[in-house]
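Copied over from Swiss-Prot, here are the features:
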BINDING   Asn51, Gly52, Gly53, Glu64, Asn93, Asp94, Ser119, Thr120, Ser121, Ser124, Gln174  substrate binding site
BINDING   His60, Glu64, Gln174, His182  Zn(2+) binding site
DOMAIN    36-197  domain 'SIS'
Amino acid sequence: MDMQHRIRQLFQASIETKQQALEVLPPYIEQASLVMVNALLNEGKILSCGNGGSAGDAQHFSSELLNRFERERPSLPAVALTTDSSTITSIANDYSYNEVFSKQIRALGQPGDVLLAISTSGNSANVIQAIQAAHDREMLVVALTGRDGGGMASLLLPEDVEIRVPSKITARIQEVHLLAIHCLCDLIDRQLFGSEE
């Protein structure tokens, strides 16, 4: 097996998926940034959730807002619902793993807040329940999905935003999700604090 050849194949596949995403995602990423900025300007916050790699993405996004992205600026209110192991395990034990995010949203979410819901398949049951809870709390939803959008896509309201990666391969979807998250962080900073150029 030629490992360097395989590495080149993987790089090329990632590049091609990003090129395909570039053709379709910019308006949705822009709209998502506007939704998030509007919430932040109106004293709202952004909650985020996902499983596995998507949980890591939720935490990555939250940390970029709470700390900083690529410039010095005030901290922005963002909470990853994936980080408190005591809360997650108590809900999973006493109720169901499908409720680990929705119960947190019912406690922490307020009208005007935004939920960043991340799932490569769009079919994660606990993320689907998180979207339902967010709507119950009069929150808007930004969904990062892939494939056909799954069950998440069918739950979204007209004012919500879906950023659906045009791929069926989990690794490629995750790579574009990370790029979309970095785009959102950049656009949020620019809209709130101006361009550094």
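Placement of Cβ uses the backbone N, Cα and C atoms for every residue, glycine included.
Overlay of Swiss-Prot annotations on the structure.
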| residue | record | Cβ within 10 Å |
| --- | --- | --- |
| Asn51 | substrate binding site | 20 |
| Gly53 | substrate binding site | 16 |
| His60 | Zn(2+) binding site | 16 |
| Glu64 | Zn(2+) binding site | 20 |
| Asn93 | substrate binding site | 9 |
| Ser119 | substrate binding site | 29 |
| Ser121 | substrate binding site | 19 |
| Gln174 | substrate binding site | 21 |
| His182 | Zn(2+) binding site | 15 |
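Between the farthest pair of Cα atoms in the substrate binding residues (Asn51, Gly52, Gly53, Glu64, Asn93, Asp94, Ser119, Thr120, Ser121, Ser124, Gln174), the distance is 32 Å. The secondary structure of Ser121 (substrate binding site), as reduced to three states from DSSP, is coil rather than helix or strand. Considering only the binding-site residues His60, Glu64, His182, Ser119 (substrate binding site) has His60 as its nearest partner by CA-CA distance. Across the structure, Gln174 (substrate binding site) and Glu64 (Zn(2+) binding site) place their CA atoms 17 angstrom apart. For Glu64 (Zn(2+) binding site), the nearest neighbour among the listed binding-site residues (Asn51, Gly53, Asn93, Ser121), judged by C-alpha distance, is Gly53. Secondary structure at Asn51 (substrate binding site), as computed by DSSP, is coil.
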